[in-house]
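Remarks on the structure that follows.
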Amino acid sequence: MKLPKFNRYFWGLLAILAVAFFLRFINISWGLPYYFHPDEWNMASAVTRLSWQNKLDPEFYAYGQLPLYLSFFSAKLYHLVPWITLKEINPSEAIFFLRFWSALAGVGTVYLVYLISKGFLFPHYLSLITALLASFTPGLIQISHFGTTEALLSFFFLAILYFSLKILEKPKFIYFLWSGVFLGLALGTKISALIFLAPFFLATIISLFRAKNKIKVFWQFIISLTLTLTLTLLTSPYLFLNFKESLRILTYETQIARGIIPVFYTRQFFNTAPVFFQLQKIFPYALGWPIFILGGLGIILIPLALSLPRYKKQFSPLIRNSIFIILFSFGVYFLFQAFLFCKWTRFMAPIFAFFPIFAVFFLQKILSLIKFTKFVQFVLLVSLVLFVLPGVVFSTIYFRPDIRFTASEWISKNIPSGAKVLSETGNAIDIPLPRRSPAERDEGGPNISPVSFDFYHLDENQELFNQLLNYLETSDYIFVPSRRIFANHQKLASEFPKTAKYYELLFSGKLGFTETKVFHPFPQFQINDEQGEETFTVFDHPTIRIYEKSTPLTKKQYEELFH
């Protein structure tokens, strides 16, 4: 039986949300019982410290308490199941539930993308395409697999934007309340979410100018902000109960983000240009090139469409204002974050979902200029395949065991016990990973204890350089567990000459070590995303390189190579 048109859209949306659910919940236990994301570990550790005895004080104030409480109470609820014997929350359990809420927020983000685009994209199927693109956006899939704040913040930002647009449509009190609720939850997640006020504030200003009863609109806004403050207090009470320590941590993190306090893990941002860095190192990888390019064209087109008389008349005043608020919200957030010294991928995560909206807006304008023939339908279908392909490829990292498990298994089978290995510091856990269970430990395997060498301070510490020469002389293998150190320091050879020289000599074979094995996160595809921003790859899909000594050299010979 042929379904009515409305039902076709309903089932289409349901199918898209099912795909989004699958892509976000698949293997959310990746990496466990080990932790590879430092922020995730810090939050999980805080969850394990929560108790009624300490008044739910996480003793961790880099973020708000809402994500921690969500994980804590979810785990406690899980413990009520009769056949669950766990009574204390362990780190793996805390990480799992942190990821659970991230994945759930990720699905909600896709639905909000649909609702927002439905308000101004016509015909209706274009909003389904927008949701489909959001489902397959690599960066949105990734943050849904991290038990951190980014997926929650992305969801809250879009929720605030959605209800701000509803206020623009009709300033009902319920829309103000929902905006206040989601802003409070966002601030309870991370205090920097205060910038999410932008669409809510602008929608209120526009409504004030248009409303006959301006006093009513004003007080609705004030009441909603009161609700925001109340929810912030309830969901992140130690922001206020331990205000002094929270302020100290916030000040410290802000100074790192601005580059005032130099730390070793921000060196990738030396000599980087705001905006250009994000355009080159973040968006192409987190969005995939098709969504990035078409979304970028949509961003360029929107101001023209809203200002040129020829296009302006195609939109009603409500739609013009709605599109303007969407672009304004995106622009305010992007510019606020783009000019920070630290330009981590996670800082851009709350606006990843905007790009599918902008991309389909551009597509809408193109389709309005041409006749919708069967050939055009075919081209559109092929284009959709290209648009979702980056997300399909990226998702494969969660369809397989974590690459560090694969590398550790290979090491146990191919590197003899007692071999001396030189590795790098700065990783959450070194490879090979410890055996996970007594049964695995009974299987035996090589007795290998890699030296986790501090390359970050090699150039400023002569003693470290002497140690490196000794390790090079005595080591049988060298592990490069990610691009974290070499990719950043080779481009900063003038500031870190010894570190840069080490990797130059290693990769050229002059150190006497030969590349014997490389573990690629996308073995079926010739894709290299190591040129992207560091944190996009090192947490969940690093490329691991193993080198074996082929030409023994003396300490003196190694020293001569460096000079």
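Each Cβ is built from the backbone N, Cα and C atoms, and glycine gets one as well.
Noted in TrEMBL for the protein shown:
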type     : residues : note
TRANSMEM : 60-84    : transmembrane segment
TRANSMEM : 96-116   : transmembrane segment
DOMAIN   : 96-232   : domain 'Glycosyltransferase RgtA/B/C/D-like'
TRANSMEM : 122-144  : transmembrane segment
TRANSMEM : 151-168  : transmembrane segment
TRANSMEM : 174-205  : transmembrane segment
TRANSMEM : 217-240  : transmembrane segment
TRANSMEM : 282-306  : transmembrane segment
TRANSMEM : 318-341  : transmembrane segment
TRANSMEM : 347-363  : transmembrane segment
TRANSMEM : 375-399  : transmembrane segment
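Among residues of the same chain six or more beyond the transmembrane segment (60-84), those with a C-beta under 8 A of the stretch's C-beta atoms are 42-47, 49-50, 93-94, 97-98, 100-101, 147-149, 152, 185, 187-191, 232, 235-239, 242, 245-246, 249-250, 253.
The list of residues near the transmembrane segment (96-116) in space but at least 6 beyond its ends in sequence, with Cβ under 8 angstroms from a Cβ of it, reads 13, 16-17, 20-21, 24-25, 28-29, 32, 40, 43-44, 47, 67, 70-72, 74-75, 78, 127-128, 130-131, 134-135, 140-141, 143-148, 150-152, 154-155, 158-159, 161-162, 165, 326, 353, 356-357. Using a Cβ-Cβ cut-off under 8 Å and counting only residues 6 or more beyond its ends in the same chain, the transmembrane segment (347-363) has close neighbours at 109-110, 112-113, 116-117, 120-121, 126-127, 129-131, 133-134, 137, 139-140, 143, 150-151, 153-154, 157-158, 196, 278, 282-283, 286-287, 290-292, 294-299, 301-302, 323, 326, 329-330, 333-334, 337, 340, 387. Scored by C-beta pairs under 8 angstroms, the transmembrane segment (122-144) has its highest count with 375-399, from the stretches 151-168, 318-341, 375-399. The average per-residue pLDDT of the prediction over the domain 'Glycosyltransferase RgtA/B/C/D-like' (96-232) is 96, rounded to a whole number.
Under DSSP, residues within the domain 'Glycosyltransferase RgtA/B/C/D-like' (96-232) fall into helix, strand and coil as 116 helix, 0 strand, 21 coil.
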